[in-house]
Amino acid sequence: MGAFDYISSFCSYTYANAKTKRKPLQTVDIKVKMDCDGCERRVRNVVRRMKGVKSVEVNRKQSRITVNGHVDPNKVLKRVKSTGKKAEFWPYIPQHMVYYPFAPGMYDKRAPAGHIRNPTQSFPTANAPEENYVSLFSDDNVHAACSIM
């Protein structure tokens, strides 16, 4: 039977080939303003009924929902917004995760304790005026200083 099974594996259509790929297991954090138990229950039930959701944690004190499962973050956000609540992705990260947390614009009065705003890495544009002044007197370009004099 071993040879017959080996040959039939090439000819048959197996379930493994038809199996669809699932999204990877991920955690989605969403900030939602919830005032009462009814709001919390409504948001929890809407998210819990989504396909692929493993667990839902609601923290009303922080106005935060944490969803674990095989889900698309944008679909979770859209589903939470369908309840009529204003929702956005969680904009805060723990303070110890940032290399330099003392940069301006990082602290927010509404952020929970030990969290700061998620920093955005902004680099200066190539033709910024400060860039031109800094490179004017650099040691790499010796002839630039002579052109001014």
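Quick reminder: no glycine exception, Cβ is built from N, Cα and C everywhere.
On its own chain, CYS39 (metal cation binding site) has THR83, LYS85 as residues at least 6 apart in sequence with a Cβ closer than 8 Å to its own Cβ. The metal cation binding site annotation in Swiss-Prot covers CYS36, CYS39.
Marked as domain 'HMA' by Swiss-Prot on the basis of sequence analysis: 25-88.
Annotation source Swiss-Prot lists S-farnesyl cysteine at CYS146.
Marked as cysteine methyl ester by Swiss-Prot: CYS146.
Secondary structure at CYS39 (metal cation binding site), as computed by DSSP, is helix. Residue counts for the domain 'HMA' (25-88) by DSSP state, with H, G and I taken as helix and E and B as strand, are 21 helix, 22 strand, 21 coil. Its Cβ placed at the centre, CYS36 (metal cation binding site) has 9 other Cβ atoms within 10 Å.
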